[in-house]
Amino acid sequence: MPLSRLIVKQFRNIEACDIQPSSGFNFLIGANGSGKTSVLEAVYLLGHGRSFKSSLSGRIIQNECSELFVHGRFMTSDQFELPIGINKQRDGTTEVKISGQTGQKLAQLAQVLPLQLIHPEGFDLLTDGPKHRRAFIDWGVFHSESGFYDAWGRVKRLNKQRNALLKTATHYRELSYWDQELARLAESISQWRATYVEQLKEVAEEICATFLPEFEIKINYYRGWDKDTPYAEILEKNFERDQQLGYTFSGPNKADLKIKVNGTPVEDVLSRGQLKLMVCALRVAQGQHLTQMTGKQCIYLIDDFASELDSQRRARLAECLKATQAQVFVSSITADQIADMHDENSRMFHVEHGKIEQG
């Protein structure tokens, strides 16, 4: 479901742009600071309701402007052109419009415009804490299980209530009512996540083997508590410890994706270039799995394509992305870095001082 038109106004250094992207590869060529990453950021905002570089609306709205606009049109699977848009104010107020209707939720944007982002800071998926890998898992579960979004929101609220009660409760029975519902939802979320990871593993390990054939890569899911013990028992058994800590130690909020290379944690073995290839492999695998399960196509956003990758690795990634037949936006400093990826269906956009021109 590619974007057929992208309109950006008052976004960072982009005063206004209106482009018609290819359904295949789209190359954004320009010097550092030219605005090419801002185009990717605008597409990301359109699908997520937030920037991948800043959580503050004021930092992405153009200086001396009170708001920004990003609008797009994309082709649905039945060849219907669907308009979507987002408007952000400096105070953080956000308005989402889908098919002409205002008041839509950010989650609905994510449903209609699934995106995968690969950028220079993307190593955190593999090298930082488990929250990044939980977000990776939950992106897939969100798109495959209709009940996940509401259930996960409820779990986070129940956890917050439980943590507050831990500070005042004198006996476990004061928490048992809340814990029944928390345990029920946590078990459902854990099962959804486990099922998703099991399905994704086959695709991901195959692509990882293509990108990094010299390594044996294994991916496993950790649910956040002992796999042989019901969560309700964990909550009751750990009541006193949780009280001492002041928060709920075990649960779906501690889930993780364990990735090992030749039996060793991935961050202890791979170089930066190899880590980037693995991140790319995981993102592409997630997009392919989405297509297999739902028929939806991801849009891939790749910032600073050449970073950490030699020409051979770039060619390997380009070949894999072309095989997905998905829409891809790629930023690069020079056209030489993406020359091998260019074909008759791709489009090149030159970016300079926030001005975008097709060329």
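Using the three backbone atoms N, Cα and C, a Cβ is placed for every residue, glycine included.
Record features (Swiss-Prot):
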- G30, A31, N32, G33, S34, G35, K36, T37: ATP binding site (BINDING)
Note to self: Quick check: with G30, A31, N32, G33, S34, G35, K36, T37 left out, which same-chain residues have Cβ atoms within 8 Å of the centroid of the ATP site Cβ atoms?
What the structure shows: S38, S331, I333, V351, E352
Note to self: Please list, in sequence order, the residues in the chain of A31 (ATP binding site) that are at least six apart in sequence and whose C-beta is under 8 Å away from its C-beta.
What the structure shows: I333, E352
Notebook entry, point to check: When DSSP states are folded down to helix, strand and coil, where does A31 (ATP binding site) land?
Noted result: coil
Notebook entry, point to check: Counting all other Cβ atoms within 10 Å across every protein chain shown, which of the binding-site residues G30, N32, S34, K36, T37 scores highest?
Noted result: K36
Check: G33, G35: which of these binding-site residues has the highest Cβ count within 10 Å of its own Cβ?
Finding: G35
